[in-house]
Amino acid sequence: MKFVLLFGVLLVTLFSYSSAEMLDDFDQADEDELLSLIEKEEARAKECTPRFYDCSHDRHSCCRSELFKDVCTCFYPEGGDNEVCTCQQPKHLKYMEKAAGEAKKFGGKIKKWFG
């Protein structure tokens, strides 16, 4: 019986040690991947077109707002023949961002009350 107990403790110890090493390896890989994604995002962010600026040269270059990417909207100004394109945020996305911000504030208040 002592042998079975000793063998069980040894098995549990080895299992926990091996799983801890595997988790460390995964954490390191995740950190490296996250850093590379952040670097790529920073590099990409330098090339984006700000809101209300001309995006006719590249219609997919609009910057991101807090939650959503702006959309290149083209129109013909009154009395003009030239098409004008600017990066704009659609109204429904603007309202969704505003609602998400209010929900975040409300969640903070609830945490403050009950946390």
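Backbone N, Cα and C define each Cβ position, glycine as well.
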**Report entry** CYS74: disulphide-linked cysteine among CYS63, CYS72, CYS85 [source: Swiss-Prot]
**Finding:** CYS85
Requested in this report: Please name the cysteine among CYS55, CYS63 that Swiss-Prot pairs with CYS72 through a disulfide bond.
Outcome: CYS55
**Report entry** Swiss-Prot annotation, disulfide partner among CYS62, CYS63 for CYS87
**Finding:** CYS62
Query raised in the report: With every protein chain in view, how many other Cβ atoms are within 10 Å of the Cβ of CYS48 (disulfide bond)?
Result: 18
**Report entry** Rounded Cα-Cα span from CYS63 (disulfide bond) to CYS85 (disulfide bond), Å
**Finding:** 14
